Amino acid sequence: MNNFASNDPLVIAGTVYSSRLLTGTGKFKDLDETRLATEAAGSQIVTVAIRRVNIGQDPHQPNLLNVLSPDRYAILPNTAGCYTAEDAVRTCRLARELLDGHRLTKLEVLGDKKTLYPDVVQTLKAAEQLVAEDFQVMVYTSDDPILAKRLEEIGCVAVMPLAAPIGSGLGVQNRYNLLEIIENAQVPIIVDAGVGTASDAAIAMELGCDAVLMNTAIAGARDPVLMASAMRKAVEAGREAFLAGRIPRKRYAAASSPVEGLVG
């Protein structure tokens, strides 16, 4: 942990993290590449699709936990692939059993297979049920400020609005909505989905997001390990720029050199 990270930690559900880059574990060519990219990203929280990745469900298949140990990483099970609140809740219960009572979970309930936008009605329903069952819910949602606040009020420990559709690589498409969500939030706001390259991650952090979660942008790159390293630096730079405070935008030039005492 560097000095800057130790003085500016990310806190989720009372747990302190020095890294603000969360990474997924899907789409890599093999578990070794997953491990190398995760290490290069410097991530402390890694998300796992319970319906797609083996963490003990199948004893005859390679187990992700053998390369990404829960002793080193916070394993964040997610409900990717769920289209109803009932399926999502059932998946979270399975994850808790597989991870020995693990409470932190990433909720996502999708609306359709084309856009992979969240079904906000089903998301709210599932969030209420999971919070009632004492899960610590980090929730994937749209960039609707009203919905984001409602999810916070339900008891979600982090709200994760999309920057753009999952896997699209389009970057932040609606800065205004993200700013509204950030300014009104009392829990961490983590951009989830849509990042394509390092500048996208930096922009999200410059806006004031607390962290960024990504998978495809790293796993789908020509060199996933190198891209993971780039994303790590982008998130750190974006956070520092946010804290430093950018200069205001102006229509006209403003000289950077003093005009007093000019010769001639």
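Just so you know, glycine gets a Cβ as well, placed from its N, Cα and C.
For LYS106, the entry in Swiss-Prot reads active site, schiff-base intermediate with DXP. For LYS106 (active site, schiff-base intermediate with DXP), the same-chain residues 6+ apart in sequence whose C-beta sits under 8 angstroms from its C-beta are THR47, LEU76, PRO77, ASN78, THR79, MET138, VAL139, TYR140, MET160.
There are 25 other CB atoms within 10 A of the CB of GLY194 (1-deoxy-D-xylulose 5-phosphate binding site), with all protein chains counted. Summarising the annotation, Swiss-Prot assigns 1-deoxy-D-xylulose 5-phosphate binding site to GLY167, ALA193, GLY194, ASN215, THR216 and lists sequence analysis as the type of evidence.
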Inset, instruction - For each of the binding-site residues (ASN215, THR216), count the other CB atoms lying within 10 A of its CB, then report the residue with the highest count. - result: ASN215
Legend entry - Neighbour tally for ALA193 (1-deoxy-D-xylulose 5-phosphate binding site), based on other Cβ positions within 10 Å of its Cβ: 25
Legend entry - Neighbour tally for GLY167 (1-deoxy-D-xylulose 5-phosphate binding site), based on other Cβ positions within 10 Å of its Cβ: 17
